[in-house]
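K.L.:
Have a look at this one before I ask anything.
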């Protein structure tokens, strides 16, 4: 059985034709890009080297576009959000989180990267029942570390990540506290705008329903609309995605979400582990995975 994590760096996605920008949007892009040197100067505690790094990060076309899209092309609002994120990156230093620092969070395979969806988005798998620590600040840093790895894996033209969360057998005893989930969602929303492409909830348990009702009010409508639900049949004889039942036969999902989906409409079978309804025989082996993920 092949147990090597599938990190295909040569994946060629079938990208849709990029939406053209209007003259007003082009002006907004130019204005925000021109504001970056001033935003860098406002970082009083940053060294010259840190300012140089932050200027290079903020000046990427993808970053400029994402902050403008997240603020409906409002240049003043985008500048404010970008300035806050530059300050956060200078203090939190997400690009300097080391493998050694967060490895204790990785040993059980509660997060792993494997393959790409049909549009070339790296797939980040979360398995909450494999939670193994109560070091909550480090848990968040581990999640940020994995997101930064996903960004490095994105093929040219891809700007988002596909998150696939296995909620089977989640309970009060192995779930991440709501407060920690909220902190991570705040980091994702505030400092990685427009990075989430889709979040697929697999086999959501009864506990998740109650958990989600508590978390839902804190999700913005755009993020909430990207949440989709799917069933994977994990019988002893076969593991298959649930395609037989119609949406009307499944429980109602939270209003404002993307509702029910077939995971194979999002990802090809050969890019999904068997236990997620795909055909790839993936088994998490920490030493193998960790060496490969840290080589990115």
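Keep in mind that glycine also has a Cβ here, set from the backbone N, Cα and C atoms.
Since this is a predicted model, take the numbers as computed values, not measurements.
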K.L.:
Match it up for me: which of 1-24, 25-48 does TrEMBL list as region 'Disordered'?
P.N.:
1-24
K.L.:
Averaged over the domain 'CRAL-TRIO' (95-284), what pLDDT does the predicted model reach?
P.N.:
87
